[in-house]
């Protein structure tokens, strides 16, 4: 446990030194949130409900991007620089190394969630109960798991440029299809039909329900778990194939 703890702390420090983390995980979501709740006239019937809804969307957007891009691209960089090969020569087991990366990233998610929640509470005076704040934060931490697994899958790519391009496209498509940038209900029917099976939609849906006084559905939970298992199995299979070469 000591080794896992030390490696997790090391991973957290490395993430915080990454300028892309600050851009994608904090500056962009906060800027989008401010723009669409204070600058653009959205003509929504209930402005207060919209501000709480969109705060959850942008927090999910932040954590999703951090999981897919920050984690995935960093893993490819480590492989290209020989760091992953060096780790295999040390007594540190692979599963400890991967677990430390995911734990470190999850702790960083707590920071992102806290900063964005505070921004929404201060700028728009979002008035959720302590229980709703806590449950929303916990749900977002849970919902990030399949995206962390997707990040480790992207981390198996050979080139940083390829990983950056693919992760960027995936991130934007998942955000758009999952209803992060606009209410899911106003999206075209075809996009809704596709979006309802995306992990990003079920990630956001659970958070939206919580700020409306409800709770995530079992469908939200099961689909996120299914995607997490799928990405983990694919990652394990590809890693074994690569190690066999």
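Glycine too: its Cβ is placed from the backbone N, Cα and C atoms.
What Swiss-Prot lists as domain 'ABC transmembrane type-2' is 20-242, and the listing cites sequence analysis.
What Swiss-Prot lists as transmembrane segment is 20-40 (among others).
Long-range contacts of the transmembrane segment (53-73) within the same chain: residues 15, 18, 20-21, 24-26, 28-30, 32-33, 36-37, 101-102, 105, 108-109, 112-113, 116-117, 120, 124, 126, 136, 140-141, 143-144, 147-148, 150-155, 157, 160, 163-164, 167-168, 170-171, 174-175, 179-181, 183, 200, 203-204, 207-208, 210-212, each at least 6 residues beyond the stretch ends and with a Cβ under 8 Å from a Cβ of the stretch. Annotated transmembrane segment per Swiss-Prot: 53-73 (among others), in sequence order.
According to Swiss-Prot, the feature transmembrane segment maps to 103-123 (among others), an assignment based on sequence analysis.
Per Swiss-Prot, transmembrane segment is recorded for 137-157 (among others). Long-range Cβ contacts of the transmembrane segment (137-157) within its own chain (Cβ-Cβ under 8 Å, at least 6 residues beyond either end) map to 56, 59-60, 63-64, 67-76, 79, 98, 101-102, 105-106, 109-110, 113-114, 117, 163, 166-167, 170, 199, 202-203, 206-207, 210, 216, 224-225, 227-228, 231-232, 234-235, 238-239, 242.
Residues 32, 53, 57-58, 60-61, 64-65, 68-69, 72-73, 150-151, 154, 157, 191-192, 194-195, 198-201, 203-205 of the same chain, all 6+ positions outside the transmembrane segment (164-184), place their C-beta atoms under 8 angstroms from a C-beta of that stretch. If you look up Swiss-Prot, you'll see 164-184 (among others) marked as transmembrane segment, on the strength of sequence analysis.
The transmembrane segment feature in Swiss-Prot is assigned to 214-234 (among others).
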